[in-house]
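As recorded in TrEMBL, the features of this protein are as follows:
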- A:122-312: domain 'ABC transmembrane type-1' (DOMAIN)
- A:9-30: transmembrane segment (TRANSMEM)
- A:36-55: transmembrane segment (TRANSMEM)
- A:62-83: transmembrane segment (TRANSMEM)
- A:126-148: transmembrane segment (TRANSMEM)
- A:157-178: transmembrane segment (TRANSMEM)
- A:190-210: transmembrane segment (TRANSMEM)
- A:246-270: transmembrane segment (TRANSMEM)
- A:290-312: transmembrane segment (TRANSMEM)
Amino acid sequence: MTPSVRSRLWASATSFALGFGVGNYGVLQVPRPDQWVWIAVAVVLMLTGAAGVLFADTSRAVSFWAILGVEVFAVFTLVPLLWTFTVATTPEGATARTLLPQDISWSAFDGAISSGTLRSAATTSLLVALVATVVAVALAVPAAYALVRLQVRARRLVYGLVVAALLMPVLALAGPFADQLVSLGAYGSRLALVVPMLVVTLPLATWLCVTVMRDVPWTLLDAVRADGATRPQQLRRFAVPHLGPGVVAAALLVFVAACNDFALGAGLAPDRPSLPLPATLLVASRQVDGSSAVAAAGLLWLLIPLIVLLVLPRRINHLLGRSYR
Amino acid sequence: MRGWRWLAPAVLVLLVVTVWPIGRAVWLSLTRSTLTGAGDQRFVGIDNYTDILSSRSWWLAVAATLAIVAVAVVLQLVLGLAFAVALRRLTVAWPVTRVLVLLPFGLLAIVSAVVWRDAVTSGFAVDWFGLDDVGPTGALVATTVGEVWRGTGITAVILLAGLLRVPTTLITSAIADGATARQRLTRVVLPAMAPAIAVATTYRALDALRILEGPLVTDAPGASVRTASFVVWDTTFSSFETGLGAAMSVVLLLLAGLLAAFLVPVLRVRRVV
Amino acid sequence: MAGVAAAAMTCAPLAACGAADKAVPYLPVITWQVGPDRVDAEALAQTCNDQAGGDYRIEVEQLPTDVSERHALLTRRLLAHDDSIDLMSLDSALTTEFAEAGFLAPIPAAQASALSEGVTPAALAAASHDGRLVVAPWFLDPQVLWSKGSTAERAGLDTTKPISWDDLVAGAQRLGVTIEIEDRDGSGLPEWVNGLVAGGGGSLVSGTGRAARAGLDSAGGREAASIVELYQGAGVGPGPTADAVTRFAGAGGGFLVAPTSAISDPALSAVQADMRVAGYPTVADASVAPLAGVGLAVPAHASDLDQQAAFTVIECLTSPTSLQALATVSQHTPSRIGLLDDPAVAGGFRSAEVARASATTGVTVPAVAAWANVVDAIDETWRPLAGVTQDATPRTSQAEVQAALDGTIR
């Protein structure tokens with residue numbers, strides 16, 4: 001028996017045992033209709049086990065451990081999302097008690113879309129995030145260029161500062177910022193949120209742009225320059241195709257992060273219209289049928305990162321993975 | 001120093017938006033003051049700090065926070081590593097998994113906290129696992145699991161990037177040398193991935209330190225477990241005691257600094273531009 | 001919105017408009033932020049709007065029910081100089097904090113004397129700061145003991161004399177009925193504790209500002225804790241709850257400790273006619289009822305024009321007609337207590353005699369800026385009620401309340 005066959009058989013056995021356990025627990029402990037979820041998961045796992053035995057000595061490079069892992073990953077990721085959907089579609093006055101939606105009602109989605117409070121909160125979030133992202137990226141691109149390409153003294157110090165700002169608990173700055181805004185008389189204005197929001201966007205933008213810059217084929221720029229290209233030509237032939245996509249992906253990530261910031265927005269804004277969406281959802285969660293409204297608004301808001309992910313899936317994964325390295 | 005011309009604007013803005021509020025926090029922390037200005041505002045020296053550092057409830061909150069950080073990081077690393085290994089091998093599924101893996105991270109933390117709380121207080125988990133009135137502590141545990149769920153995907157992405165940097169030749173030669181799967185993992189893959197794991201640990205730890213939404217939606221009068229971030233929030237934005245809150249903020253920043261100062265040399269985090 | 005809406009006045013010939021523009025009558029829109037009291041604010045606003053002709057228009061906006069959320073939201077809005085507040089129904093407990101923070105516009109001297117005329121000393125004190133009237137006194141409800149039908153007699157209680165907590169609990173236990181305690185907005189427990197401590201001869205907080213001292217670790221505090229312990233141990237009710245009124249109306253309900261206004265609650269419509277009133281239960285000998293109410297306040301940040309209009313609105317809302325509606329419809333005890341003698345009110349107000357007596361003997365919450373934090377401290381240390389003991393609770397609670405007053409970590 002070759003190692004890969006043995007590995008597949010082990011994977012099958014694990015998968016089968018796991019499926020057997022899940023199926024039994026589901027049948028014995030879980031009431032309907034959620035029982036079907038458990039049974040479905042059990043069936044998939046046991047089928048994986050069976051397939052692993054059947055194709056144990058295939059010559060193709062298939063790893064049943066990987067298949068099992070991806071199945072667990074899918075369940076792990078999707079169950080909470082399904083639950084969020086169930087909470088969001090629970091009819092008014094009812095409480096969701098099962099994972100599978102019992103009685104789908106779209107009223108919470110309607111409410112989230114037509115609610116003036118949530119709309120103005122979303123506008124605030126998008127507006128503040130947009131301005132803070134534009135400013136941050138405009139500052140971050142040259143800074144990252146300098147960090148990667150130019151001889152700068154104290155380069156490591158600057159980079160350390162960026163990472164420190166990226167990782168510090170932003171909440172600690174919310175109190176002093178709020179106090180400052182109150183004494184300036186600017187507390188409660190939408191634009192006053194932009195400056196504090198730079199604490200979130202600027203380090204993130206710089207950090208991501210450094211990765212973008214590191215992946216750029218700079219020799220090409222030298223070649224373009226050697227060809228005697230003018231500045232606009234350098235821009236068109238080098239910067240736009242090689243820098244552009246990376247910077248756009250970084251900007252989108254920064255934008256999403258700024259949209260999703262909670263601590264600063266919740267601390268620095270009093271109420272509508274300047275309270276950003278995440279903080280508004282905290283207020284909404286305490287009201288009657290609040291969970292449905294929060295879940296519905298959260299799923300709608302999830303469309304922003306989803307679109308970003310769908311447009312540039314490879315680049316986003318690459319950028320995030322490489323940035324952490 | 002041509003480079004500084006490019007760098008200066010960003011560094012200046014970054015310093016202004018971080019050093020200014022931190023300075024203000026230090027100044028405020030030496031006073032007894034409220035956000036509204038009600039009550040007399042006066043200079044109290046280091047009273048706020050002695051008060052915090054000698055408070056049992058503060059250290060309990062810090063301990064709870066550190067416990068949450070430890071559990072969250074370990075779970076995210078283990079799950080993230082398992083998923084990263086699986087995702088790497090199953091290349092056919094990449095178009096789907098690439099989106100799926102980052103989706104939880106895109107969901108607002110406040111939404112995740114609310115639905116995870118509901119799951120154990122009134123939702124499906126009550127029936128599934130026979131839970132009976134989990135209380136604020138149980139709800140806090142649930143929201144922490146929710147945070148683990150949100151962060152596992154991004155951890156997997158970091159580790160996957162680290163995994164992809166392990167040279168395949170190294171693994172094939174290990175196989176040729178007759179190394180078992182476990183030997184390959186402990187002798188080849190993990191050492192080559194060490195930098196990625198170190199970075200993931202540090203970043204996820206400091207991210208877990210600032211969890212605020214879960215504690216906010218699960219708190220109830222008399223709750224026995226509170227986190228440091230929650231106490232800072234409550235003091236600053238519910239009690240409006242800005243002076244005391246600022247002192248807590250400074251201590252929280254120091255705590256984050258200490259955590260980083262502990263993790264960076266221990267894990268040998270190396271990341272030079 | 002405090003916008004100024006131009007009255008409908010068309011001005012077709014452009015040439016003639018220049019001078020006429022200044023003469024266009026402006027209609028200030030006064031946004032009135034109201035709390036969860038039982039006042040039918042819409043109806044009152046409508047009456048005043050009709051009376052005012054075109055001087056102003058009141059729009060009612062609801063604040064959160066929960067006292068902490070309401071406090072936080074109002075504070076944040078006032079800090080932000082939110083122009084959607086022109087007039088607020090301000091909880092009497094928040095007067096000191098908001099006055100100290102400079103949130104409240106001073107009441108014009110010309111109006112102050114009229115507003116304080118005939119107002120009970122307690123209500124006047126709850127509307128004043130540093131000896132000056134900062135809020136227009138409106139109503140200050142004493143809590144009373146409501147019972148259904150002949151429950152009190154059957155429990156062996158003489159409602160003509162003050163009933164002690166001991167007798168009340170024993171009577172309810174004998175009959176197998178509950179003593180519900182109303183807590184509409186989360187301030188029920190602190191008000192209860194405050195009333196019990198005062199009834200026991202102590203005071204929850206003495207002094208003012210940062211020099212204020214908590215008085216729970218005292219004979220009065222222990223007395224208060226012993227009554228909570230007695231109540232809890234007898235199993236005669238869940239303590240202060242939001243649905244106390246509904247539970248009282250139900251089969252097991254016997255007594256209801258609640259403000260005078262409770263009887264106007266729609267949930268009580270079935271038993272309303274059959275409800276009797278008695279004075280607040282006594283701790284030692286005297287009945288010291290918790291007093292809580294609402295005053296009308298104008299934010300300091302509003303423009304002069306809006307402030308002017310808001311004070312005109314206050315004039316209307318504190319007029320005898322409005323106060324009559326307040327007393328007869330929503331059964332709130334007007335701060336101008338003499339109104340209860342008005343023949344138009346006498347027939348419609350259900351608890352006049354008890355209310356009149358309690359309004360002078362009752363106790364408001366202490367006038368300290370940190371009251372909102374004291375509420376949290378008491379919630380933190382007196383809940384769950386099952387954990388309250390007269391040996392431990394006064395001491396632990398003393399420390400927390402003192403910390404809240406000092407602004408130190410709890």
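Residue 1 is the first one shown; counting continues down the chain.
Using the three backbone atoms N, Cα and C, a Cβ is placed for every residue, glycine included.
No curator has checked TrEMBL annotations; they are predicted automatically.
Between the transmembrane segment (A:9-30) and the transmembrane segment (A:62-83), the number of CB pairs under 8 angstroms, six or more residues apart, is three or more, so the stretches are in contact. The stretch in closest packing with the transmembrane segment (A:246-270), judged by the count of Cβ pairs under 8 Å and taken from A:36-55, A:126-148, A:157-178, is A:126-148.
Beyond the transmembrane segment (A:157-178), the same-chain residues lying 6 or more positions past its ends with a Cβ under 8 Å from any Cβ of the stretch are 143, 147, 187, 196, 199-200, 202-204, 206-207, 210, 261, 263-264, 266-268.
Packing against the transmembrane segment (A:126-148) from elsewhere in the chain are residues 155, 158-159, 190-191, 193-194, 197-198, 200-202, 204-206, 208-210, 212-214, 243, 247, 250-251, 254-255, 258-259, 261, 265, 276: each is 6 or more residues past its ends and has a CB under 8 Å from a CB in it. Among residues of the same chain six or more beyond the transmembrane segment (A:36-55), those with a C-beta under 8 A of the stretch's C-beta atoms are 8-9, 11-20, 22-23, 25-27, 30, 62, 64, 67-68, 71, 75, 79, 99-100.
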